[in-house]
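Trainee: Can you read through this structure? Questions will come right after.
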Amino acid sequence: MTRTPVNVTVTGAAGQIGYALLFRIASGHLLGADVPVKLRLLEIPQGLKAAEGTAMELDDCAFPLLQGIDISDDPNVAFDGANVALLVGARPRTKGMERGDLLEANGGIFKPQGKAINDHAADDIKVLVVGNPANTNALIAQAAAPDVPRERFTAMTRLDHNRAITQLAQKTGTPVSEIRKLTIWGNHSATQYPDIFHAEVAGKNAAEIVNDQTWLADTFIPTVAKRGAAIIEARGASSAASAANAALDHVHTWVNGTAEGDWTSMGIPSDGSYGVPEGLISSFPVTTKDGAYEIVQGLEINDFSRERINASVKELEEEREAVRGLGLI
Ligand SMILES: NC(=O)c1ccc[n+]([C@@H]2O[C@H](COP(=O)([O-])OP(=O)(O)OC[C@H]3O[C@@H](n4cnc5c(N)ncnc54)[C@H](O)[C@@H]3O)[C@@H](O)[C@H]2O)c1
Ligand SMILES: O=C(O)C[C@H](O)C(=O)O
């Protein structure tokens with residue numbers, strides 16, 4: 001193998017998402033089956049021993065693509081030369097909490113990590129924030145990294161996107177592979193808006209095929225938006241394997257491109273499109289090509305959608321004000 005390995009930094013490596021993520025990164029599911037990787041694991045001091053144990057297990061898999069594992073509790077070391085950074089390390093919510101309740105607990109993690117990315121990452125760094133509240137944590141990291149192009153900071157709404165695809169597939173009795181152009185708008189929170197008005201089911205308009213406004217408003221949207229809480233209720237712990245899977249999907253699509261005739265959802269810095277205030281990290285429909293993404297333009301937004309997008313964007317604005325107040329941006 002002659003290709004230069006890609007440095008992938010994963011924070012929270014000893015956590016439950018980390019455990020579901022690392023083995024699949026090392027086996028080629030993040031970047032591709034022909035791309036060698038070096039893993040850089042960041043943990044807090046209490047997590048280092050468990051991260052070492054995970055690294056031992058990674059060694060024991062003898063993954064042909066895995067060309068090294070470094071472990072550190074220093075962000076300046078862990079992000080040194082990073083090409084891809086998965087910011088997972090943060091506290092998960094527990095039963096009865098909203099993700100925004102974690103802002104104070106987790107917000108402080110992302111400012112020093114953003115600065116370390118600014119100072120040490122490779123020029124082509126791509127950042128995905130998974131730790132909640134993901135959109136606003138991405139904003140905090142980005143604000144601390146003024147030398148990195150702002151579009152390199154993204155937040156994960158791919159789990160919501162995947163959840164919505166399955167709900168729509170099940171409702172219409174269609175395989176998930178037949179669902180296209182679904183969109184998650186706004187925040188990775190209970191206010192997110194999964195939009196099927198432009199989606200397709202086997203090439204036909206999804207809203208027309210469903211033709212059931214009550215299901216849309218009272219079942220589909222709340223099921224997707226509150227799925228994280230339902231998983232916590234059922235499992236007693238927040239989603240892990242599905243979150244890791246979505247993180248792999250997010251980066252894989254960003255790097256390798258969306259399929260012709262489809263798009264995906266990513267939390268990205270707004271350029272003002274669709275009336276989302278510039279700079280907020282909000283979820284949009286995007287296409288990707290050659291490692292870059294573009295917001296899908298020109299979609300007609302009906303009143304039902306507009307109301308829901310605005311509500312989620314309002315929450316993002318409130319979170320931005322809150323972190324401003326905490327001195328995090
Ligand atoms: N965006 C999404 O769709 C999505 C989905 C699932 C979970 N999440 C979020 O991902 C985060 C992680 O979830 P989890 O279940 O893996 O949690 P976990 O508690 O199992 O693991 C978190 C790990 O992060 C480590 N950590 C804490 N602070 C750190 C720091 N400053 N630097 C490096 N590591 C640090 C902890 O030691 C721990 O090992 C939570 O905030 C959770 O809410 C987001
Ligand atoms: O809901 C949570 O707190 C975890 C995660 O964000 C999820 O959507 O499953």
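Numbers here mean position along the shown chain, with the first residue as 1.
Yeah, the Cβs are placed from backbone N, Cα and C, and that goes for glycine too.
Annotation comment: TrEMBL describes 7-147 as domain 'Lactate/malate dehydrogenase N-terminal'. Per TrEMBL, NAD(+) binding site is recorded for Gly12, Ala13, Ala14, Gly15, Gln16, Ile17, Gly18, Asn106, Gln113, Val130, Gly131, Asn132. According to TrEMBL, the feature substrate binding site maps to Arg93, Arg99, Asn132, Arg163. Here TrEMBL flags 157-321 as domain 'Lactate/malate dehydrogenase C-terminal'. Residues or ranges marked as active site, proton acceptor in TrEMBL: His188.
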Trainee: So, in DSSP terms, is Gly131 (NAD(+) binding site) helix, strand, or coil?
Mentor: coil
Trainee: Would you mind sorting out which of Gln16, Gly18, Arg99, Gln113, Asn132, Arg163 (the binding-site residues) have a C-alpha within 10 A of the one on His188 (active site, proton acceptor)?
Mentor: Arg99, Asn132
Trainee: Quick one: of the binding-site residues Arg93, Arg99, Asn132, Arg163, which has its CA closest to the CA of Gly12 (NAD(+) binding site)?
Mentor: Asn132
Trainee: Considering only the binding-site residues Arg93, Arg99, Asn132, Arg163, which residue has the minimal Cα-Cα separation from Gln113 (NAD(+) binding site)?
Mentor: Asn132
Trainee: Tell me which binding-site residues (Ala14, Gln16, Gln113, Gly131, Asn132) have a Cβ under 6 A from ligand 2; sequence order is fine.
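Mentor: Cβ < 6 Å from ligand 2, in sequence order: Asn132.
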Trainee: Checking proximity to ligand 1 here: which recorded positions out of Ala14, Gly131, Arg163, His188 have their Cβ closer than 6 Å to it?
Mentor: Ala14, Gly131, His188
Trainee: Let me know the largest Cα to Cα distance in Å among the substrate-binding residues Arg93, Arg99, Asn132, Arg163, as an integer.
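Mentor: Comparing all Cα pairs, the maximum is 19 Å.
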Trainee: Can you tell me the CA-to-CA distance separating Gly18 (NAD(+) binding site) and Asn132 (substrate binding site), as a whole number of Å?
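Mentor: Counting only the Cα atoms, the answer is 15 Å.
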Trainee: For the binding-site residues listed here (Gln16, Gln113, Asn132), which one has the lowest count of neighbouring CB atoms within 10 Å of its own CB?
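Mentor: Selected from the binding-site residues Gln16, Gln113, Asn132 on minimum Cβ neighbours within 10 Å: Gln16.
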Trainee: Tally of helix, strand and coil residues over the domain 'Lactate/malate dehydrogenase N-terminal' (7-147) according to DSSP?
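Mentor: Secondary-structure composition of the domain 'Lactate/malate dehydrogenase N-terminal' (7-147): 64 helix, 26 strand, 51 coil.
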Trainee: Just to be sure I understand the packing, how many Cβ atoms besides its own are within 10 Å of the Cβ of Ala14 (NAD(+) binding site)?
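Mentor: Ala14 (NAD(+) binding site): 23 neighbouring Cβ atoms within 10 Å.
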Trainee: Give the number of CB atoms, excluding that of Gly131 (NAD(+) binding site) itself, located within 10 Å of its CB.
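Mentor: Gly131 (NAD(+) binding site) is surrounded by 28 other Cβ atoms within 10 Å.
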